[in-house]
Amino acid sequence: MKNLFVYGTLRHVPLLEIVLGRPAAEIRYDNAILPDHSVFNAQEGAFPLIKSAPGGDARGLLLINLSDDDVARLDFYEGGYGYALRTKWLRDGRTAEIYFPPEEGVTAGAPWVLGRWADHWAELTCIAAKEVMSYFGTRTPETIVQMYPMIRARAASQIAARDVRHGGGTLNGVVDVMERTRIYSDFFALDALTLSHEKFRGGMSDTLKRAVFIGADAAIVLPYDPIRDCVLLVEQLRVGPIGRGDAVAWQYEPIAGRVDAGEQPMDCARREAQEEAGLVLDVLEPIAEGYPSPGTSSEFYYVYVGVTDLPEYMTGVSGLDTENEDIRTHILTFDALMTLVQDQAAANIPLSLCAYWLAHNRDRLRANL
C-alpha cells in the first residue's frame, strides 16, 4: 500500500474517480500540504507543474493506502509525460510519493489555481480521461501521449455538440444505445453501435447494428480577395481518394483544419489560414455548419469565406513540418473558380459550397470597393 500526494488536476475529485476507476466514497484521501514547494501553470499547455519554492505551500490531496492497481492506473495516466515519483515529507509529518515533472522541457508560468482550471478545462479533461483510461492495459502511456491531442479534440467535439442551432422541426425521439464498442482508435476512431430508435409511426425499431467514424470538429475557409476578385485554393495529398481507388490523390480544397480543444472554430480558421498559406484574414463570413456525412461520421464542419488581401501570384509550397503537411497554394480568379466547380473538376464538396455561396454574395462583398 502506498500514500501518494497529488497537487494538480487530480485534486478534481471527478477526474480522480475516473483515473482510479471507482467512486470517491471508496477512495481514502485527506487535504494536505507539501511545504517549500509551489504549483504553477506550465507555459507549454493547460496543465500544472510543481517546483521547489522555499516558503511556498503546495496544496493537494493525500491519497491513502493505494493498491498496486491504483498506482498502476495513476502511472498509466501520468507516465507518458516523463513524471518521476519522489518521496517527500508533508507538513503534517506523513510521507508520500509525488509525481515530479522532468527538469527540462516544461516552464513555470503563473501560479496554478484549481478553480480557474476547473472552470475552463475540467469537463473536457474528464471526458478525455474516460477515453484514456479505456486503454489501460492495452496501450502504453507513450502511445497515449501521441493520441492525446485527438482524444482531447474528440472530447471538445462532444461538448460542442450540446450547443447547436439545427434540429428545429425534426423528431426529438428516443434513441436506445444498448452497446457501444470502440473497435479502432488512433488518430481517428471507429465505434460499433447496437441501438434501436423511435419510429415516425410510433413504437421502436428493431435492434440495429451500426458503425460510426469518430472524428473531430473542423473549420474550413475559402480566402477571397474582393478587390482582385480571386480566391486561394490549397492542393495536397488526400487519403480519401486513395482509399476509394481514385487515381487523383492530390485534391483542390479550401483551407481546413481540426478545431483544437479549447479553440473556437473562427479562431481555428484564422490559425489554419496563417499556417497553410501565411494569410491574415480580415473578416470571416459564416456559410454553414454541419455534418458532411451524418450517416457514417461524427465529423462536424464550420465553413467560412475569409475576406483578405491576396497577392497577384502565390503558387508555392507551405504547411507545418510538425504535422507532415506538404501543401501547394493556388490563386484563381472568381470566374476560374466557378468554371472549376461547374465543370466538376474539383471533387471537394465544401469547396463547391463555398463557391456557390460566393457567387450569391460576391456583389455584396465588393459593393464598397
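Glycine is treated like the rest: Cβ placed from N, Cα and C.
Annotation source TrEMBL lists domain 'Nudix hydrolase' at 214-354. Taken from TrEMBL, the feature Mg(2+) binding site covers Ala256, Glu272, Glu276, Glu325. The feature motif 'Nudix box' is assigned by TrEMBL to 257-279.
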For the motif 'Nudix box' (257-279), give me same-chain residues lying six or more residues beyond its boundaries with a C-beta closer than 8 angstroms to one of its C-beta atoms, as numbers and ranges.
46, 120-121, 124, 128, 149-150, 152-153, 155-157, 160, 216-221, 223, 232, 234, 289, 302, 304, 306, 308, 310, 314, 318-320, 325, 327, 329
Within its own chain, what residues at least 6 apart in sequence put their Cβ under 8 Å from the Cβ of Glu272 (Mg(2+) binding site), listed in sequence order?
Ala219, Val221, Ile255, Ala256, Gly257
Count of other CB atoms lying within 10 Å of the CB belonging to Glu276 (Mg(2+) binding site):
24
Number of Cβ atoms other than its own within 10 Å, given for Ala256 (Mg(2+) binding site):
22
Let's see if you can do this one: DSSP helix, strand and coil counts over the domain 'Nudix hydrolase' (214-354), in that order.
37 helix, 53 strand, 51 coil
